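All remarks here apply to the structure that follows.
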Amino acid sequence: MSRQRVDSQGSIGPNDEVMPYSDDETDDELDDETSESEAEVAPEAPQPPMETRPPGGFRQLTLVGWKVKANDRAYHQLPEFKKKIFLCIKKSRYSGNAIKTYKYNALTFLPLNLYEQFKRVANIYFLVLLILQSIPEITTLPWYTTLIPLVIVLGITAIKDLVDDLARHRMDKEVNGRKCEVLLDGRFQDSKWRNIQVGDVVRLKKNDFIPADILLLSSSNPNSLCYVETAELDGETNLKFKMGLRVTDERLQEEQELAEFNALIECEEPNNRLDKFTGTMQWAGERYPLELDNMLLRGCKVRNTDVCHGLVIFAGADTKIMRNGGKTRFKRTKIDELMNYMVYTIFVLLILVAAGLAIGHTYWYQDIGSRAWYLYDGKHQDAGYRGFLSFWGYIIVLNTMVPISLYVSVEVIRLGQSKFINWDLQMYYHEKDTPAKARTTTLNEQLGQIQYIFSDKTGTLTQNIMQFKKCTIAGRSYGTTSVIFIEDWNRLADKKFDFVDHLLVANIKSKKDKDALEFFKLLSLCHTVMVESNDGELVYQAASPDEGALVTAARNFGFVFLSRTQDTITISEMGREATYEMLALLDFNSDRKRMSIVLKFPDGRIRLYCKGADTVIYERLSPNTRHKDATQRALDMFANETLRTLCLCYKDISASEYESWSRKHKDAQLTMVDRDAALDRVYEEIETNLMLIGATAIEDKLQDGVPETIAKLAKADIRIWVLTGDKKETAENIGYSCSLLTDDMQVHYGEDVNEKLRIRQADRRNSAPQTIRARKKKPAEPFFPGSGKNALIITGGWLIDFVDMACECEAVICCRVTPKQKANVVSLVKKYKKAVTLSIGDGANDVNMIKTADIGVGISGQEGMQAVMSSDFAFAQFRYLQRLLLVHGRWSYIRMCKFLRYFFFKNFAFTLVHFWYSFFNGYSAQTVYEDWFITLYNLAYSSLPVLLVGLLDQDVNDRLSLKFPKLYLPGQQETMFNYKNFFISLFHGIFVSLIIFFIPYGAFLQTMGQDGEAPSDLQSFAVVTASSLIFTVNLQISLDTSYWTFVNCFAVLGSIAIYFGIMFDIHSAGIHVIFPSIFTFTGAAPNALRQPYLWLTIILTVGMSLLPVICIQFLYKTIWPSVGDKYEEDLKRSEEEEARRKRPAFQRDRPSRRSAYAFSHTPGYANLISTGRSIRRRPQARGGPQDGTREHSRRDAQAM
């Protein structure tokens, strides 16, 4: 029976109950899906089906091309297995087992690292500048003004890369040097991992790491079972089992038998698919199918198995774990892109300014320079050529407009912000000892700009801890009565299983209800659970929490799964042990949505048991099945209660029917091309005419804090979409329970979508071409007119046409979606809405979605660590998402924006002083400042305060950030850093440079110093302008700092102190004597700064530079307060009112109360005590002094 495909465009809409067709895709293939996800398609064009790729797109690559001969190293060196690497040089296509993860060695580190660093445009720019500065005719600055900052920036990056690579060297050496037993010359010998080759037989012991991708041959456990821990592979710590073939288990236990083993393995080429392996083994004239369950992958560790033997299939770089260490998707933030564009803008401005000044020099030289005898330099150059040289001179002088330290500073800030996320104890989950983890350091500020969140349901919003709650058997529902414990009659029951129906227990104990017995027998047999005995207790190892819950339920109703081998399953049926022969296991996958098992009963009968989603089971039911409608009603009821459902059914098979099907099944198992598709077709043949038994309902509770988190994120104007494979009813009810859907929303379903899209497309078809062009220029009319809230609940088949409609809704739930469709939803919104997206999930089926979004968040839950390993940020509970976004994301965005605005400002203010000076020096590309000041300005004098603002600044604390989610809006609207802010920083820098140049210029013009000397030399002028600039930029960052700490204060004062300390040193006579040609400003600073007049000039310059900023900030605070200012003021006002309301009339020990005793208002007890009379009060005097105290307490309170 072929799977039904869904057309989402025509007049016939998708059926919400039909699972859309999909196939499993690799991450690389996902890049090709955008062409299949086009939402804006001409109506007249015929629409392709959702899947245009042939089924098993990846599997087309797995043609037979990899052959491995056991115990025959020479076989793999044959010419047919050689590949050309350079000209006529060839080497074996089979990799050795030594790995190399490092990038550099002693010879290649310097050239290769420099090559990588000079891929950055800014570094190339400064290298070109350095070359220009070595040309005497155009240089206006010494070479060291560019070389020193460039070397420091390159050196810091190189040291970081070197430290990382040395760690990789050490790790490679340790891994390659591990020991393993290899079968050589007929016996096992110790060998280092690096010496292992493809085709070797190895022996592994308990707790050994697996050295290569190995075919399991035999083990010390029964039936060649081998338990492995895959923590290094996928992060999961729970044990998984692998199983050798029956033939190798029986015939390959002894060393001699292993030495004579000469099988030929034909399998897929090396690839990165951790979840698939296809191959065959030819041995002794027979062919045997191989699959992933027979493979031990490199990176795993052998557990609970004393000894196992295996054959090396892939070694070294060909292993799956090494193949997965390849390319990753590089994610960049919006601020990164904007910052690069702004650097390009600065390049353009630099060229324009330099060109303008060069033209000015050309005309100046024609009119003045060429006629002034005292300017003659002996060079016979015309004005045009001198203007050309002046252009390059100004490129050098104004080079600091492009900040060389910008990229390094940004990386330092991001690293610090990532550490703050890792150290946040409020995102630490104590129950599992799981802290939050920033797995990347490049995306922190993007967390403050999220507009859409795409969330998985199971394990993300819910706990993924499954509890068997209800069931329906033969049309009758159970699970509505009170709690009882059933271990009195079932000694093998799980004590933690505490909910059961009285009637169901009675039916089971009486053994009269055959359907109930068959129901739980199916649950105890149809699964892939493994069992262990721990101190006499049965411990189940399940691939999924659902399967574990179902087997545990069967166990508590008397059908206890005891053990399994490769071809048998043993259970206890109401105390009686029975063993069933397993003829075939038709496993579950995301396309099939079901699993089946074919069993031979002890009495010889053959029966198929099947469990799966109702959508795929119902279309395979026999027309003669009973209780179909009653079960459907029960399923709807369970779904309305947000329970997860599975249908159970069976089919009796004749011996002849099984024999015919078995041959097809074996052929499909042995096929090497598209084996999964061939098996699916064979499975379809036998999974027909099923007889329905009933259905199970499992509860998956919401995590703590989910409704509150969703409500808070919604207030921050973040749209949340839930993408799940559950039924529509289940998804909708979960939506209500987690506050994603609210009672004031109008919910629209697939049928509404179909109708609205049909109307929109018909309207587009009937419109004239000019009308269509006119419409493109104005926004399309909304799908949902009116101001009410809307929500959308759709199935996977609608995922092409719905983007515009869905983005009008406050909430969207996509149910019945496959992992690939989850990724398509994210890419559609990214592509057509240009929105910043975040995906959050906990399982392997969420990996594509996590990688596709701008930000991927993994939850370390019950489904392993695949999502975490693919994520950018990870934590243990969904509720931590609000803190990640509203606190860390918002702070990171604000800090980065403030840092960039200030960084650009301080460089413009510093550099453009040269521009104003050029009008007074004949546009000759001379500098105002001393050379060493230019060198150290960005490195030492102004870097630390702005770096600390980028790391520590807060406009409001974390409590207010969470209390007022609207504070998040500026990041979404990109109001804090954009081209407007950039040009504000530019004009601010122009204004400050104007003040810093012209006020000292006016002060130096025709003035006389205290000692009668005129302090109007260039060196004194340079000292005054430089000092004014340092004071201005450091005080400016002080005005911009919202959150003061000791470190910030120390950085500002320290930067100023460092400036004066270095300046007095390099202006001293001592250093001039040692380096007379480098340090030429001898005595300039002491001579200039002993003049009070120049100190007044500096104070006036700094004051004039900062006064407009102070006035503007005051006006903004009072007239145009920001969102944060408003909320902070409201909070202060509300706290003051609350304090006034709660203030008591009298507080003991209150320090401000002074009239309680010293100035007593009534006579005390002194006279009574001195006279010796009784101090016992009379009843009528009970109120005297006390009343006086209370009265004056009230007066004091009123007076306050």
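We count from 1, first residue shown onward.
Yeah, the Cβs are placed from backbone N, Cα and C, and that goes for glycine too.
Where the annotation comes from TrEMBL, it is an automatic prediction and has not been curated.
Database features, via TrEMBL:
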type     : residues                                                                           : note
REGION   : 1-55                                                                               : region 'Disordered'
COMPBIAS : 22-41                                                                              : compositional bias 'Acidic residues'
TRANSMEM : 118-135                                                                            : transmembrane segment
TRANSMEM : 141-163                                                                            : transmembrane segment
DOMAIN   : 178-241                                                                            : domain 'P-type ATPase A'
TRANSMEM : 341-365                                                                            : transmembrane segment
TRANSMEM : 385-410                                                                            : transmembrane segment
BINDING  : D456, K457, T458, E547, F588, K611, R644, T724, G725, D726, R816, K822, N845, D846 : ATP binding site
DOMAIN   : 868-1122                                                                           : domain 'P-type ATPase C-terminal'
TRANSMEM : 899-920                                                                            : transmembrane segment
TRANSMEM : 932-952                                                                            : transmembrane segment
TRANSMEM : 982-1003                                                                           : transmembrane segment
TRANSMEM : 1093-1116                                                                          : transmembrane segment
REGION   : 1134-1200                                                                          : region 'Disordered'
COMPBIAS : 1134-1152                                                                          : compositional bias 'Basic and acidic residues'
COMPBIAS : 1188-1200                                                                          : compositional bias 'Basic and acidic residues'
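Each of the binding-site residues T458, F588, G725, R816, N845 was scored by how many other Cβ atoms lie within 10 Å of its Cβ, and the smallest score goes to F588. Proximity of distant same-chain residues to the transmembrane segment (1093-1116), defined by a Cβ-Cβ separation under 8 Å and at least 6 residues beyond the stretch ends, is recorded for 988, 991-992, 995-996, 999-1000, 1003, 1007, 1009-1010, 1015, 1020, 1023-1024, 1027-1028, 1031-1032, 1035-1036, 1039, 1122.
Only pairs six or more apart in sequence are counted, and the transmembrane segment (341-365) with the transmembrane segment (141-163) gives fewer than three Cβ pairs under 8 Å, not enough to call it a contact.
In this entry, D456, K457, T458, E547, F588, K611, R644, T724, G725, D726, R816, K822, N845, D846 make up the residues listed for ATP, with the farthest two CA atoms of the set 25 Å from each other. Residues 335, 339, 342, 346, 353, 357, 360, 394, 397-398, 400-401, 403, 406, 409-410, 413, 926-929, 937-938, 942, 946-947, 949-950, 977, 981-982, 984-986, 988-990, 992-994, 996-998, 1001, 1025, 1029, 1032-1033, 1036-1037, 1040 of the same chain lie 6+ residues outside the transmembrane segment (899-920) yet bring a C-beta within less than 8 angstroms of a C-beta in it. Sequence-distant contacts of the transmembrane segment (932-952), counting only residues of its own chain at least 6 positions beyond either end whose CB sits under 8 Å from a CB of the stretch, comprise 141, 144-145, 148-149, 152, 400, 403-405, 409, 412-413, 416-417, 895-896, 898-899, 902-903, 906-907, 910, 1022, 1026, 1030, 1033-1034, 1037-1038, 1040-1041, 1043, 1045, 1047-1048, 1051-1052, 1054-1055, 1058-1059, 1062-1063, 1066, 1079.
Fewest other C-beta atoms within 10 angstroms, among the binding-site residues D456, R644, are seen around R644. Residue counts for the domain 'P-type ATPase A' (178-241) under DSSP, helix first, then strand, then coil, are 10 helix, 33 strand, 21 coil. Averaged over the domain 'P-type ATPase A' (178-241), the predicted model has a pLDDT of 86.
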